[in-house]
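Listed features, source TrEMBL:
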type: ACT_SITE; residues: GLU498; note: active site, proton donor
type: BINDING; residues: TRP355, ASP356, LYS611, GLN612; note: substrate binding site
type: DOMAIN; residues: 21-256; note: domain 'Glycoside hydrolase family 65 N-terminal'
type: DOMAIN; residues: 321-699; note: domain 'Glycoside hydrolase family 65 central catalytic'
type: DOMAIN; residues: 709-763; note: domain 'Glycoside hydrolase family 65 C-terminal'
Amino acid sequence: MDKQKSLMNYERNSPWTIGEIGFDSQHLGKSESIFSQGNGYLGLRATLEENYVNQKRDMFVAGTFNKFDNDEVTELPNVPDVVGIDIKINDIELNLNQGKISNYSLDLNLKTGELVRKFDWQYRNVYLRFVFRRFVSFANRHLLAQNISIENLSDIAADIYLESGINGQVTNSGSQHFSEGIKVQHPNNILQMISETTQSKIRFIQSTRLIFTEPTQIKRSLVAMGRRKIFQKISLYPLLKNQKLSFSKYSTVFTSIDKDAETTSQDQLIDQARFFLEKLVGDSFDKLFNESISAWNHNVWEKHEIQIDSIDSTDQLSLNFARYHLHSMVPSHDARMNIGAKGFSGEGYKGHTFWDTEIFMLPYFILAYPEIAKKLVTYRFLGLSGAEKKAKLNHYEGAQYPWESAWPDDGEATPVWGGIDIVTGKPTKIWSGFIEQHITSDVAYGVKQYIDATGDIDFAYSKGCEIIFETAKFWSSRLSYNPSEQLYEIKNVIGPDEYKEHVNNNAFTNYSAQWNIYLAIELYDDLKNNHSSVFEDLNNKLGIADYISDWREKVKKIYLPKPNDKGVIPQDDDYLNKKVIDLSKYKSEDQVGALFDDYNLKQVNNMQITKQADIILLFFLFDSLFTKKIQKINLDYYLPKTMHDSSLSLSTHAIIAADIGQTATAYDFFQKEKNIDMGSFMDSSNDGVHAASLGGIWNSVVQGFGGVRIIDGILRIEPNLPEAWKSLTFNIFWKNNRLDIQEFPDRTLITRQSSTDSTKIFVSSKLKEYELISGKKITIPKENIMEASK
Ligand code: IFM
């Protein structure tokens with residue numbers, strides 16, 4: 001494949017700005033995704049005001065899933081567009097594919113959430129300067145605002161004509177999720193459109209309004225309605241040389257599933273939305289924008305501060321980029337919703353939630369924003385009924401979490417058919433929804449990490465324990481007995497490595513299932529012995545006493561693949577017997593999945609080719625079960641066979657390499673990981689940014705190089721800073737206490753912020769335990785990692 005010209009620009013001398021220096025209408029997908037904006041309630045792909053053939057206009061509202069028809073799975077519907085504005089100058093439509101563009105820039109400020117596009121455009125005899133500003137409000141989740149200024153740089157007057165409104169002609173790649181809708185024009189030019197999703201019957205109330213800095217510039221304004229469309233047509237008085245036109249567009253979206261809308265009638269909702277916009281008319285774009293900036297600062301940046309002192313400034317930039325997107329996409333307002341694998345930045349994975357949340361994003365929220373983490377784990381509690389439905393359908397017990405989930409109790413939402421099989425020419429079956437089952441223990445793992453870090457006993461007793469017991473029931477019913485080996489096995493699964501389908505005893509799956517059952521047993525004993533009323537309640541609801549002897553009997557006999565004589569842990573029963581091929585040709589490609597130009601999945605299944613961290617991920621979750629020596633042997637064995645064809649792979653590799661003291665290798669993984677979305681390959685993020693890899697960036701920094709981990713309920717801090725870093729400074733929350741941590745190559749300083757909380761808190765490092773006393777700083781000297789953890 002030809003190398004593409006990168007348009008990315010990180011040279012703004014700011015760790016808070018990413019930008020693009022050129023316009024290329026052939027490569028809009030990447031910038032639409034990586035410059036997308038959101039506030040957890042709604043998210044907006046960064047499509048431009050004017051139209052281009054290759055653009056993909058998308059706006060989503062969290063949780064509003066709809067099923068287009070019976071043959072499709074439910075997905076987040078693409079909401080009627082409010083961002084597009086047609087602009088004509090002297091009857092010529094603004095379009096950057098024609099004429100001459102100069103001084104082009106598109107910048108996203110990651111701290112304030114503002115997207116700014118500037119350029120001068122010369123076409124025939126008009127020459128104009130454009131500035132487009134846009135933000136999705138972090139202060140008011142229903143609001144998004146645009147501000148546009150046009151300055152006439154030509155010698156002749158410019159007649160400007162605008163069309164702006166709400167356009168419901170957008171689809172999800174052809175699937176139209178909305179009814180035609182009701183359109184309303186109010187006297188003060190507030191336009192409204194009320195549309196309803198076809199199957200889930202969720203009503204969307206969208207309103208929009210244009211506000212001109214100099215209303216006297218308007219010559220004529222009319223409102224028109226078309227099919228699925230209401231819009232304002234505005235002609236302006238000629239813009240003379242050096243004159244400027246400036247206007248803002250405020251748009252809002254409310255839905256009938258908004259928490260505060262549950263008891264509100266449709267008419268009331270429509271009125272509320274209109275009043276809301278009416279009230280904003282006196283507020284300038286800058287005032288609303290400043291409120292949003294304050295909310296970002298207060299809710300996000302000031303709560304968790306993290307600073308890398310590196311020779312490479314893009315290390316910090318990538319961290320800011322990751323955090324900006326994670327907060328744009330996390331529905332922190334409502335536990336009925338979770339994070340989609342692409343957030344709101346594109347249609348990829350249909351807004352569905354995967355294990356990506358628990359293993360790749362939840363650690364960030366647990367340690368930095370525990371109140372948001374609580375929402376994410378509560379979502380899994382609300383998903384229990386869907387998980388129980390799935391287990392029952394498959395003749396298992398307890399809760400089998402869906403591989404992909406949407407509305408919490410929907411159950412499985414994974415599509416059945418995917419891309420083309422290069423050999424048969426038919427669609428490939430997606431088996432994950434049927435047999436990629438480790439998500440069930442991943443969910444339990446996330447719950448346990450949350451409880452360990454926060455000590456949130458209320459959550460544990462009212463929700464968390466139920467998840468742990470129900471998932472243990474699933475695993476125990478999922479095991480099959482092998483009488484000749486006298487062991488329990490887990491057959492016919494897909495592990496994290498999705499290039500191996502229908503395998504037996506995937507190591508990650510077996511270890512995590514066993515861990516899940518052990519956890520349930522431990523919890524059972526603790527509740528029974530120490531918290532009898534909680535135990536009674538749970539037993540009455542779940543009948544756990546009927547299961548405990550089964551768990552105790554089976555758990556010890558679960559087959560766990562052990563290192564062979566060379567120290568290699570078999571990924572599954574057959575992996576090590578499969579053919580090894582040279583993968584260098586495919587590894588050198590920018591594009592993921594290059595392998596499938598030559599092979600189909602069946603063929604890849606029969607070779608030692610790993611899509612993403614699998615055995616390596618086992619070390620991340622269950623570090624204490626494996627020596628560093630074994631971890632190193634397995635990294636060396638599996639790495640040449642790993643394609644990193646999933647964006648989830650590199651961060652795990654960075655963490656494990658850092659853990660075993662290979663910081664240069666870890667840093668190299670980290671550099672590659674930074675480029676998954678931010679890098680120069682212009683097609684990398686067309687379907688949306690990679691949420692798990694964004695979580696992975698923070699994980700690599702804090703859990704990998706920073707060495708912060710929750711292991712067996714204990715906070716462990718064993719840093720391994722790369723050579724490029726002078727220091728890493730950040731804070732985390734542990735059992736409701738803020739810990740300020742400064743890591744240097746030779747020492748780590750930890751301060752427990754002063755508080756009246758008298759809970760005893762400890763941190764472990766290199767097998768030593770340190771007590772953290774309120775208001776006091778401790779120093780932990782660096783020791784040789786291999787020495788300490790042999
Ligand atoms: O969950 C992942 C999976 O592990 C690899 N393919 C993409 C999914 C969503 O990110």
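Sequential numbering from 1, following the chain as shown.
Cβ from N, Cα, C; glycine included.
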In Å, rounded, how far does the Cα of GLN612 (substrate binding site) sit from the Cα of the residue listed as 'active site, proton donor'?
8
Just report the maximum Cα pair distance in Å for the recorded substrate binders TRP355, ASP356, LYS611, GLN612, no decimals.
16
Surrounding CB atoms that lie within 10 Å of the CB of GLN612 (substrate binding site), all protein chains:
22
Between the Cα atoms of the residue listed as 'active site, proton donor' and ASP356 (substrate binding site), what distance do you get, rounded to the nearest Å?
14
Remaining residues near the recorded substrate site, that is with C-beta within 8 Å of the centroid of the site residues TRP355, ASP356, LYS611, GLN612:
PHE354, PRO496, GLU498, ALA613, SER646, LEU648, SER649, ALA692
Least Cβ-crowded entry, counting other Cβ within 10 Å, from the recorded positions listed as ASP356, GLU498:
GLU498
Within the domain 'Glycoside hydrolase family 65 C-terminal' (709-763), count helix residues (DSSP H, G, I), strand residues (E, B) and coil residues, in that order.
0 helix, 34 strand, 21 coil
Look up GLN612 (substrate binding site) in the DSSP assignment and reduce it to helix, strand or coil.
coil
Helix, strand or coil at the residue listed as 'active site, proton donor', per DSSP?
coil
Give me the count of other Cβ atoms within 10 A of the Cβ belonging to TRP355 (substrate binding site).
24
I'd like to know the mean pLDDT over the domain 'Glycoside hydrolase family 65 central catalytic' (321-699).
97
Can you name the residues of this chain that are 6 or more positions from LYS611 (substrate binding site) yet have a C-beta less than 8 Å from its C-beta?
ASP497, GLU498, TYR499, THR642, MET643, ASP645, SER646, SER649
